[in-house]
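S.K.: Below is one structure. I have some questions about it.
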Amino acid sequence: MNLRQLAVDWLSMVYLLAYIPLIVPATWLQGRYGLRVSVTSAAFVNAIGAWLKCVAVYLAADPKKLEGSTPSVAELSGFPVLMLAQTLDAIAQVFILGVPAQLAATWFGDREVSTATSIGVLANQLGAAIGFAIPTEVVPSVIADGVPGADPNPMVDFATIRQRMMYLLIIGAAVNSLPPIAALIFFKEEPPKPPTYSQYVRRLAKIQARVGQSKSLPSRSAVQPVESGDLMTSPDQGYSTMTTVLENTYYENEKSEAAEKNEKQLEEKDDEVESHRTLKSTGANKSAYKQQLLNVLKNVNFMLLLVSYGINTGIYYAVGTLLNPILAQYFGGNPNIGWIGFTVIVAGILGSVLAGIWLDKTKKYRLVILITYAIALVWMCGFTGLLLLERIDVAFVASFFLGLAMTGFLPIGFEFAAELTYPADEGLTSGLLNASAQIFGIIFITSASHMVGLYDVKYTNTYFTVLLAVGFILLLLVKEDLRRLTTQSAMHAECITKANEELSSSQL
């Protein structure tokens, strides 16, 4: 067993492994304390990990100088510190990967939410693309031309690599120190006005649950319908107008002298509500989260999507991890193969945006996700077959369309899951999807890596193709139960009806 290669592999695998046990507590904390606390905490932990990597490189010792001598404790600490840094960054990732879907649902209207989710996924892919491009330009390769299997590069020594690596990591740590500061100062938990009716209902339900936990007289501000214009302006026409009508209908009929006399008493109870909520909400939130999790896991459509999503994304991880050894068997002497991975990610950025826009325009969740998955399956077949031509330009084309479809599937999966499981939090469902992807990713990377070492890589690619076909069959079984969209439509229709009734009565 190559222990050095195993150690390097674990620097990547720790991200997948950390996600699986931490996703449930991470989503609970996000639901309990909100997006702001979750994002800010993750950003701080990520920054700490980035600076620890600088410490690890500073402690690293030249292996040649250690031969025949007893290393000091400091010299032996380099890799453990590096692994600690990677673990901290992996923990931070658990709190971040599920954010795009929930952030989009919290802040954006019906016709924007899918595009917003896709932009969040795009940002993640953009970071990966930068990770492919910049390090190779800053840190010299220890092998000639950067091609696996080539002879060592005689122009590179340990001191040079260490110096360049320190430049890269210090700049990276400085950049990673900006997001926690920005999040602490500028990040807001939620908009003052709900962007959609479904978000208003969810926010009202949470407030009512907290009031119920307090066993105290609720304040009017806690349970009243939204004021005029309290729904955030969005592309969905008529929200503010209909809300105004509903508010007027409710309050003009309810307003009385007795209510005005009691209003001061109700406001005085607000502090009591808050204090009781602080004492009693934690246990109730745990119970509510557990029930929400059980309801999601009992949803057959979601479970089918969960496995299908895990297969697709797990293969995406495996292809990205094993891309260089796969391509090296066909283009071993070509230094451009390193840019094919960059091409896959850049294509994925485009695919994420296009998928989000397509979904917002049509709202045909099942149709869009099936077409996207089918395109990914077709291009996985194409990637497998076209590599046999041993033409680098054809490999670039096949990789581009494969990345376009496989990454485009990610935001669609998040949004479809949110529809199937509403009113469950989007952070919970997207977190479970990501956990599924990590589990399948570990399985596929481990098994495919073993295959690459024993057989021709065309069998590995065929293995990926068959798995994608299984995922597509499972996706065909998912029914289009769009609960969030149905709630939006029902409330929209109800508001129109009440608005018409109000207008009719005013004309009499």
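Cβ atoms here come from the backbone N, Cα and C positions, even for glycine.
Annotation source TrEMBL lists compositional bias 'Basic and acidic residues' at 254-267. Annotation comment: TrEMBL describes 217-238, 254-281 as region 'Disordered'. Among the features that TrEMBL reports, transmembrane segment is placed at 12-29, 41-61, 81-101, 113-134, 165-187, 300-319, 339-360, 367-388, 394-414, 435-455, 461-478.
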S.K.: The transmembrane segment (367-388): which same-chain residues, six or more beyond its ends, come within Cβ distance under 8 Å?
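M.R.: The answer is 308, 312, 315, 326-327, 330, 355, 358-359, 394-395, 397-399, 401-402, 404-406, 408-409, 412-413, 416, 457-458, 461-462, 464-465, 468-469, 471-472, 475-476.
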S.K.: Do the transmembrane segment (81-101) and the transmembrane segment (300-319) share at least 3 Cβ pairs under 8 Å, sequence separation 6 or more?
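M.R.: No, since the transmembrane segment (81-101) and the transmembrane segment (300-319) share fewer than 3 Cβ pairs closer than 8 Å, they do not count as touching.
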S.K.: Below 8 Å between Cβ atoms, which of the listed ranges 113-134, 339-360, 435-455, 461-478 makes the most pairs with the transmembrane segment (300-319)?
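M.R.: Ranking 113-134, 339-360, 435-455, 461-478 by Cβ pairs under 8 Å to the transmembrane segment (300-319) puts 435-455 first.
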S.K.: Check for me, if you would, whether the transmembrane segment (12-29) reaches the transmembrane segment (394-414) - at least 3 Cβ pairs under 8 Å, residues 6 or more apart in sequence.
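M.R.: Between the transmembrane segment (394-414) and the transmembrane segment (12-29), which are separate recorded stretches, there is no contact, as judged by 3 or more close Cβ pairs.
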